[in-house]
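The next block holds one structure in the form of structure tokens; read it before the comments.
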Amino acid sequence: METLPIELGLLISRYTGINEITKYRTCSKNSKKYVEDVLTWFDVKCNNKVFGGLNMFANVRKLDLQECRCITNESLSALTNIETINLRSCYRITDNGLEYLSNIKEINLSGCYEITDSGLRNLNKAVFVDISNCPQITVKGIVKFGKNASIVIDNCPLIKSKHVNLLIDIELVKITRNNHPFLSYKPRHIYEKSTNNHIMTHQTKIDKPKFNIDDLKFSSDSSDSDLDAISDVSYVVGEVSDDDNSDSGSDSSSDSSDDNSDSSDDSSGKNTSKSTITKTQKATVEYANDYISKRINSKRKILFDKIYYHPINKRDDIFMKNYEDLLPNDQLNSRQESLNRLFEDKDRKNFTENLKNKSLDILIGGSMGLYCVYKNTNFKPNDIDLYIKDINLHKIKKIENAIYKSFLFDRIVVVNSPITITWYLQLKSGKITSIQLNKFNIKSWAEMFITYHTDLTCIGYEIITDRFVYMKKRWDRILTKNKHYFSCILNLDTASSIRRSCHKYAERGFNCVCINTDFKKYNQKSESDDPFYDDDDDDEPRKKKIHKKKYPKVINQLMISYYGIEEAPSSLPNRAGSLGNILDDDNFVNTLINKYKGIKNISFSSSIRHFKMEKFFPDIMMMCLYKVNKYMKYPDSSNGTEFHQFSIEKKKTYIEKTKKFFDISRSETKISHESLKIKCLECCCYIYLNHLISKYYSNIHHKFSARRDSDSSDFDDPYDSDTEYNLVCKHMLRSFSKKNHKDRCLVLSVI
């Protein structure tokens, strides 16, 4: 090829794979020089498999290395002549690496959080610089560029808006948005998962894959799990458009493809109830699943960035909209009809009014908001999900007091997990209901709704303003889309929990698709099917781990270090995610025990115990694979993926107080039985356990009120062979028999 004219060589290179070109480069010295000359005519994009060795791109003019997290300072030493480079999320790049880029004209350093003002001094010739998400850059760093360079400074905490406005007024800097055709953020497509490490722009224009119904015919030996996965992701590729910014256009165009795909899926599903998929069909579905996941992932992160870019006091005004703005609509109830649904239960209405009287800025979210405003619902939620701004102990006690004033119940169970407090109530009618308070330290509703795994539930009732609000660019999409995606992009839910939620809403009449990282449906018989399962350095036999559900190692480390707890609870084991009507007291308590048996800090009490908490609440936000204020690196990750599971201020005093937040309180609490409306509290007995549900039981702490006449002879030997649980049951039964109580006031409380 060296003897061919350069024009003909370029034409051949456009239709040749990059692997073939690089292989030809190794043939001889002449071929090496020829390939390097040819590459100067291409804009080269690299995928995240690049580990270094950029010498062959020494003469390339434009190079895209975004999210190539293994690129180091040494890798840039061969790029001294490059003019345009994209280093977005290459977090290993430091100020030393920028010394090799002194001739650069356009550069994207977004997410390179090791860069400081000193490193920017090397970019003297730059006319476009994106330093978004660089927490160490100050105003001094951007002033050096002058007004001849365009600077992008989104989400730089050390650059205050008042300083930037002043510099703009006196024309010292030129601030802009990143609309650069080569350096702006564009999510990587599925074809970049090929074995090639480098991709040339001129060769990568590939149409969306077109799925044919005939390609997804199965043989007669199919498993239900595989068929479920196929039905989830077979025809979703056309759902999302290429343009991330054209929301309305993509929605309308995707609906038509949804209708066609749904009808095709229904027609083929009748004849494929017993079949298996081939390797080609499986690869096709993996292709589709990964493609749609990347698109949704990209849009969600962009929206997340926009939320945290704005000041706290403006986030709800920008991203939360009044539900009445969508009216009239054939799919939605009027405001009065929505309120009638919300207050159709008298106890719920009283509870809402009591919260409003206490001036608590609370939002009722979850499925309750969807049920109230959406006409075509075939379900009635039996639980209430609460979110509160600026959470503290005083506000939680107000909520608890409102529960006692609003509901008349026979049994109550208080479960305090690391991220929620749940009150399970067994009412006088026998009905079971639950009230769950999320302990996220949020300042706006937008911060909470961005973590939801589906657009369906991004609506709620704001009590203090007496209106329904929804998240813009999320919930309003359900009015134009026929398919609803469930994903764990910015939350800590396991794949199995996401799939259960997906099935729950599918049973409620919605067309739902679960987007998982793995092709296989989660199966409890195989932990490897769950992408969140981690069995590294675990000598426990496989048989004992069959039903364990673990979160990623980095989450477990945080839970153990900061909260003293090994595993957080997920959804209830049943698909509906609801307790239902459990009239039997034993079943009511045992069901909750089975749900929370993975938590050690559980205690039984014979009366309602006001949980004692520290005033300092951990700043918890369920964020995965993205950052809020700081980066938290996953040390065992092969590709350097960054995690920010919990936004916690890393101060020693704060950590100590956070630990105390989840420690068990061993002080006796006096209960005023007149205010709790529970018949069984007449005995006023009190039993406290340090640990209840665990493999081995340790000490028993017996604390009884003065009204109970205890006999020392009734106490069992603490070294009795019975388990701690059995000992407590014996003591409780004896106390009840003395007072002739028919009911067992057994109450569970996680401290």
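A Cβ is built for glycine as well, from the same backbone N, Cα and C atoms used for every other residue.
Confidence in the domain 'F-box' (1-44), given as mean pLDDT, stands at 54. Annotation source Swiss-Prot lists domain 'F-box' at 1-44.
Annotation comment: Swiss-Prot describes 79-104 as repeat 'LRR 1'. Panel annotation: around the repeat 'LRR 1' (79-104), residues 54, 57-73, 110-116, 118-120, 122-126, 130, 182-183, 185, 631, 640, 642 of the same chain, lying at least six beyond its termini, place a Cβ under 8 Å from a Cβ of the stretch.
The annotation repeat 'LRR 2' is assigned in Swiss-Prot to 105-126.
Among the features that Swiss-Prot reports, repeat 'LRR 3' is placed at 129-148. Residue counts for the repeat 'LRR 3' (129-148) by DSSP state, with H, G and I taken as helix and E and B as strand, are 8 helix, 2 strand, 10 coil.
According to Swiss-Prot, the region 'Disordered' annotation covers 239-278 (among others).
Under the heading compositional bias 'Acidic residues', Swiss-Prot lists 256-265 (among others).
Per Swiss-Prot, region 'Disordered' is recorded for 527-546 (among others).
For 529-539 (among others), the entry in Swiss-Prot reads compositional bias 'Acidic residues'.
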Ask   = Where DSSP helix means H, G or I and strand means E or B, what are the helix, strand and coil counts for the repeat 'LRR 1' (79-104)?
value = 7 helix, 3 strand, 16 coil
Task = Write out how many residues of the repeat 'LRR 2' (105-126) are helix, how many strand and how many coil, based on DSSP.
result = 4 helix, 3 strand, 15 coil
